[in-house]
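*Asks:* Dropping the structure in here first, questions after.
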């Protein structure tokens with residue numbers, strides 16, 4: 001009995017931990033009872049119940065009490081562990097505070113080292129812009145002090161009009177609607193099959209060729225056409241030429257798909273799906289030939305892109321505040337450009353100041369880039385809810401000449417890639433020859449937009465563009481990284497402004513006499 005009581009006391013102290021089924025035998029005077037540890041009732045063997053309440057209580061603990069004891073002990077242990085973890089964290093924090101007070105150096109590279117991986121130079125870029133503005137402001141003030149204020153708002157009007165009753169540039173731009181509608185009606189006849197594919201191709205070739213010959217002949221023949229008016233009208237016709245070429249090319253692809261009995265036009269390259277193209281459910285998705293409408297055609301004409309597709313990405317709404325900011329930038333930078341050009345273009349001193357004017361003319365070019373590709377094109381895109389706003393990429397980081405030409409004018413680059421470069425590669429033309437052909441076409445249009453309005457042919461723009469081919473090879477072969485980027489910037493600062501100044505110089509010699 002004593003031993004049984006002691007065993008019961010020890011079991012009570014330990015608590016019901018184990019779940020193993022065990023049998024406890026206890027009894028007094030040779031009598032005993034058998035108990036199952038799983039909480040079953042006592043089975044009487046003809047003997048009396050145990051005399052010790054403590055023992056009986058211990059032996060009758062159910063499985064639920066055993067589980068509760070285990071959870072309690074685990075909770076107690078987890079509380080101890082949490083306290084221990086808190087003490088460890090406090091000790092670690094104390095050690096870190098001490099180490100921080102004792103040491104202030106870590107293994108690291110200087111930010112301007114290439115090994116540091118640092119790339120956020122926005123502050124340095126702002127500094128460069130401030131220095132550029134201040135340096136050109138000094139030249140501008142020096143020019144004003146030396147020659148006086150040459151800015152004349154009346155002269156701005158005379159740049160576009162010689163006679164207030166004769167508007168040849170505006171009339172020429174209005175006539176461009178004839179070529180636009182001719183392309184639309186030709187596509188409509190092709191869609192319904194009233195003319196053959198060959199006949200439609202001939203119509204398109206005639207229409208596109210006329211778009212280059214007719215405006216240039218008008219600019220050369222009409223004496224009241226000013227150089228600025230000629231540049232503006234020829235620029236619009238050139239843009240329309242590229243747009244209508246893309247228009248007929250894309251619709252031809254859609255006809256080929258339809259003729260091949262494709263079940264889903266919306267999955268083709270030129271006929272994108274709603275999810276890919278429409279930024280909002282409010283814009284109707286169209287498929288060929290449902291796109292051959294006046295509304296669709298003129299949306300494409302005014303959209304800030306040269307590549308046609310049936311469903312353009314659309315923004316959900318027009319942001320008025322964004323629109324007003326772009327409009328303010330357009331007006332401000334236009335006035336700034338006109339003022340800088342008028343103040344700097346003193347023809348009688350052009351040869352003397354040819355190189356001196358390279359930097360301020362480069363600044364004019366930078367302002368023009370921001371005004372046209374960011375402010376103006378975003379304004380038009382917001383007004384038309386045109387969703388694709390990638391009009392330029394990071395051309396200022398160009399390490400090669402080819403990267404610059406591929407990223408500073410994305411609409412033209414997309415057109416060349418889609419309708420000129422890739423078709424040549426598919427026909428088996430060598431990659432270098434295809435790139436040279438792209439530069440050759442670009443050189444033609446640069447010369448076309450300069451020589452025809454000025455009514456003189458010097459080929460400076462053509463040679464300047466074709467010189468980009470060997471320059472691109474040299475920079476890509478021998479200059480890398482920052483050296484290549486510096487070479488690109490030098491070509492922009494010296495090359496383009498000097499070419500423009502040479503045209504201006506020759507124009508002055510032809511129309512106003514000797515530079516001396």
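Just so it is clear, glycine is given a Cβ too, placed from its N, Cα and C backbone atoms.
Keep in mind that TrEMBL annotations are predicted by a computer and have not been checked by a curator.
Pasting the relevant annotations from TrEMBL:
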type	residues	note
ACT_SITE	446	active site
REGION	1-85	region 'Disordered'
TRANSMEM	124-145	transmembrane segment
TRANSMEM	165-186	transmembrane segment
TRANSMEM	198-222	transmembrane segment
TRANSMEM	228-245	transmembrane segment
TRANSMEM	327-343	transmembrane segment
TRANSMEM	363-384	transmembrane segment
TRANSMEM	432-451	transmembrane segment
TRANSMEM	457-475	transmembrane segment
TRANSMEM	487-505	transmembrane segment
*Asks:* Could you check whether the transmembrane segment (165-186) packs against the transmembrane segment (432-451) - three or more CB pairs closer than 8 Å, residues at least 6 apart in sequence?
*Replies:* no
*Asks:* Mind giving me a neighbour count for residue 446 (active site)? Other Cβ atoms within 10 Å of its Cβ, every protein chain shown.
*Replies:* 17
*Asks:* Mark yes when the transmembrane segment (124-145) and the transmembrane segment (228-245) have three or more Cβ pairs under 8 Å (sequence separation 6 or more) and no when they do not.
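*Replies:* Contact between the transmembrane segment (124-145) and the transmembrane segment (228-245): absent, because fewer than 3 Cβ pairs are under 8 Å.
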*Asks:* Under an 8 Å Cβ to Cβ limit, what residues of the same chain, 6 or more beyond the ends of the transmembrane segment (198-222), are close to it?
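*Replies:* For the transmembrane segment (198-222), the list is 168, 172, 175-176, 179, 182-183, 186-187, 189-190, 230, 233-234, 237-238, 240-241, 244-245, 248, 448, 452-453, 455.
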*Asks:* Who are the long-range neighbours of the transmembrane segment (363-384) in its own chain, taking Cβ under 8 Å and residues 6 or more past its ends?
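*Replies:* Same-chain contacts beyond the flanks: 132, 136, 299, 302-304, 315, 318-319, 322-323, 326-327, 329-330, 333-334, 336-337, 340-341, 344, 391-392, 408-409, 492, 496-497.
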